[in-house]
Amino acid sequence: MDSVLKEFNESKFKRVVDPYDAEDQEGYVDSDEDMPRAEVQLADDAQWKIFQKNTFTRWTNEYLKKTNRSIIDLQTDFSDGLNLIALVESLSGFKFKHINRKPHFRTQKLENVTMVLKYLEDVEGLKLVNIDSTDIVDCRLKLILGLIWTLILHYSIVLPTWEGEEELPSDDKGRGPTPKQRLLGWINQKMPDLPIRNFTHDWNSGVAIGALVDACAPGLCPDWPDWDHRNSKRNASEAMDAAENWLDVAKFITPEELINPDLDEKAVMTYLSQFPNAKIKPGAPLRPRANPARVKAYGPGLEFHGNAVNAPARFIVETYSAGRGDLEILVLNPQGSPVPCEVVANQDKNLTYSCKYVPKMAGEHRVIIKFAGKELPNSPWKVQVADMAGDAKLVTCNGPGIDPDAKNSVGKRTWFSVFTEKAGHGLVDCQIRDPNGRVDTIKPRISRQDDRGTFLVEYTPKEMGRHEVEVHFAGQRIPQGPFLVNVSAQPYTGPAYCTGRGIQSRGLRVEETVTFLVHTEKAGEAKLSVNLVTGAGEVVPVTITRVAEHLYEGTYTPRVPGIHTLNVFYGGNPVQQNPFKVQVGPKKHSHVRVFGPGLEQGIVRQLCTFTVVCNEETGVLGVAIEGPSEAQIKECAENSDGSVQITYYVTAPGSYAINISSDDDPIPGSPFIANILPDDVGVQAHKATAYGPGIDPASGKVMAGEPTEFFIDLNDALANMGPNPSYDLVKVECHDRRGEPVDVIKEAVGPNKLRCVYRPLSSGIHTIDASILGTEIKNLPVRMPVMGVVQMDKVQLTGPGLEKALPHQNNTFTVDLRKACCDQNSLVDAERNLSVMISDEKGNIIPCQVERESPGLFSVHYSPDKCLLALVSCAMCDTPLPIGKAPIQVPVGADFDPALIGNTRIDPKAERLHKRSEPVLLAPNQNKVSWKSAAPNRGQARAIPVPPAQMPAPPPPPPPPQPVRTVTQQQGLEPMQPVRTVTQEQGLKPVQPVRTVSQEQGLKPVQPVRTVTQQQGLKPVITPIEREKAIERSNWPQIQEPNHPGSQIMAYGPGLEKTEVNRKSSFVIDFGDGEPSGVSVNLEGPEKTKLEFATRPDNKAVDVTYETCVAGRYCINVLHESGCHIPNSPFFVQAYPEGKIDLDVSSVLAYGEGLATAGGTSPLLAYRMSNFPLHALLL
């Protein structure tokens, strides 16, 4: 070990950390002698040393928590090496061996420290400057700070992977960003609205740390843009407290240190290095930015009527949802002069303020309320103050808040009502004196309940003892007061308790009958008394029924809106949580529907599910679950039809209220009460299985009006329920797309096996669910598509596109579903499930476009290419429509009018050619064929030549052209092919006689044919002009940039020049000196051809082999992975007949006006004449 110590301590490393830049080591020097100007900074009380020592100590202790260790003095607590070992083990996860656990001697301490430093150098790759084990053992603070800073850089900034970090560019030497640059870059990426340039004075105001906290957890510090830079401590404290409480970001520096102008850069970096991996905790108090529109202001003092001169006018301002901001209130009298307004912060969870002003003159007053410097949307409030105040003698009060025997208790809100209907104009004011004689400790809340002068006064006693409640009306004390109220230390409630919807604080509606249950199993036998009163003091009848030995059911129907108070006493004692405040709302109609087993019951720690169907309602959906334990909403998934499926679980049994609202207004039926059972009931719903066509969307077509079935196997699910479990535990539900229930018939078909049948009455998605005690069976619920009733034989297909089609032109027909559907839902389903497919006679798909012209009416457009037939098929849910002979066969004609075809040398006595002509031989000057185009384009003429040895001598020059006689298509005949004519020459095979068809009356005569002889010279495989046009029509562009990566790729070989049918040809794709990249080869021609590829061992070239089976011209496209042609691509290759690779066609002559080019002696007008393909096969 001594030799290791000597070797390590003598190896003075030359650089601090690599790859850490020197700027990250600012504040440290190599030696005191070399830097005399730094002597002031090296003093023990230097500001940067104090900052770093405090920060590094906190950082160290944070990581030592895992080892149950801590340090107090960074300078001395590393001297024995044990804390340093524990720190590095915590940071790296490495466990050291051969540790001196009780280092009493210096050598033992040096061994511990040396072992750690050697690990950092050899394993972690750190390089330390001017530090060895003696510096740590001898407690040299400057060097210890340098070592800790190196650990912070390495383990907190360099090594961690930060989610969402954008890669920063390297410098000229290829080095990546320094740790400082990386951290600064991440911060600026996180909050682009507040650029940060340094780790010192940019953070002094506390605004930057607030912005960073809100960027990591949006809504945690939403008001940082409005923070005052002068309140730096307040800003920093709020942000750092939020980060510590909800992001687990420890305070390595304090708010006071952060706002210090002498803030140390490394201390700030140490603190900020925690944010990239910070995660927000559940339940964080997220809120939006300061939004005055979310401030609520209410109370009699803001109402237009009811206030009187010299009578206090009170109102409440609630700011919880509006963010942070200052509240400003200004009251102006009719003359525009301000009226004093008292504003008291209540320091409650809703951040409310109690406000009071006393008008001194009659007339219209204006109350202006501002929050965060902005006026509220309803501000100013106009308040009409009456000249004459009402008579307080006519005011009456009742309620537990003024009843000395009501058993009010500390911390429990109580209330009473004030009735002023007969007292005239005025507002109610209340003052409560606590047992100590103070009137400022309890601030009552006063609200108007209706237009008849009923007020509700609520307050919460804070101390036990006698309280005095004084009630004033229009500035006068009512004669009955003050009321003496006794407040006990703790509320007394018996063991009886209530559950059910009838005791919920909100969600009930007028004329809605609701129930609640009173549980008395632990209270013995006693008398139950219940009373329900409205806010006006009217009694609402409540019916009580004993449904079990220790269970009572209460039923009532509220008739008027407003707050109702339900008092339940058992044996003279109030039940738990008595009295119950029930807010009854007006009648409401809603399209929202809610269903699912999770609304009624469930089992602890097992998933409960329900579905909400909004049915085109656009309000904001809200869900809140309240009960004995916090409900965890595991999933809130929106389905394709707009419905929402919600899954939750709870950790304690009991009654849970599921509140569902739209725009913060409860939907009818909310809250729903779910009874959650303990997890010892023996049900294992996940082991049940459901199967059958009724719950299998892939099984086929469930039709509206037709019954369908599925089965449930309960063998394993009810194994622990005893020998004869009740099938009533299994609940099966079906709901249509609007959330309306569909009847399900459930019957046993064997031991622990159920058959379920449902008959959907409408189309659309149906939700099928099955559960046992509220816990869903495996793979349920399922969303099952149901087809509407569609009479497919009444679907109509019409239009010219079903009679005849023209190539390269838009052909159209219509599909009409309107007479096939009985209702709108069926029509919508039919539209969604209609499919149209068009193919040619070889099965190749012809693209088509289906456009919806109107409900149930579609137009179909298609443009065939080279084919004889277009096969049109229509289907509904993959079932072909019964439209006669399917598919419909549409003949594809030529893109010219065959009635205008003529031949210059047709024998009138010749017989008509049969439908499919035999191949004919075409020799020079033998004949000429012409036709008039019905479309402004040009055709192509091709001839398969005969070798010169087999050719007879050329005939004499042809006689002058005769007038063209036209051939027309007779009505009812098959579409005619272009007429080919041939004369019999010496040595040639006789040709069958040709019969002509005369022109129908009324057709326009064809102009005489003008012929042009072919120019001399052998035509290549493709002319430059043809190649240029082919490149223009190509689906892939040419490379334009000189430095494009595909410009280095070359293709060469005999397979790019010519080939022979049924013989393999090959060529090479050479990547040159560049890096190999992706290429693709596309071969176009008369017949589909298979390509084979083989990569050479050096990966610099690819050999491509192909074999044609039909003679003709082929186009080979060689493409770079960017989608561009490589140089010289496309390549045009002539495939010769088998055994005729050297075929010479120079003696074949084609001539005639139909072959003339624009540069010929006799130009051919596109709208008059054009050439067409003509094949001459070798005999």
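Glycine is treated like the rest: Cβ placed from N, Cα and C.
The feature compositional bias 'Pro residues' is assigned by TrEMBL to 945-963.
The feature domain 'Calponin-homology (CH)' is assigned by TrEMBL to 50-156 (among others).
Residues annotated as domain 'Calponin-homology (CH)' in TrEMBL: 177-280 (among others).
According to TrEMBL, the region 'Disordered' annotation covers 928-966.
Marked as repeat 'Filamin' by TrEMBL: 287-385 (among others).
Summarising the annotation, TrEMBL assigns repeat 'Filamin' to 387-487 (among others). Looking only at the repeat 'Filamin' (387-487), the predicted model's pLDDT averages out at 86.
Counted with DSSP, the repeat 'Filamin' (488-584) comes out as 3 helix, 48 strand, 46 coil. The repeat 'Filamin' annotation in TrEMBL covers 488-584 (among others).
Taken from TrEMBL, the feature repeat 'Filamin' applies to 584-676 (among others).
The annotation repeat 'Filamin' is assigned in TrEMBL to 680-786 (among others). DSSP states for the repeat 'Filamin' (680-786), grouped as helix (H, G, I), strand (E, B) and coil, give 12 helix, 47 strand, 48 coil.
Residues or ranges marked as repeat 'Filamin' in TrEMBL: 787-892 (among others).
Residues or ranges marked as repeat 'Filamin' by TrEMBL: 1041-1135 (among others).
As a summary of secondary structure, the domain 'Calponin-homology (CH)' (50-156) carries 67 helix, 0 strand, 40 coil according to DSSP.
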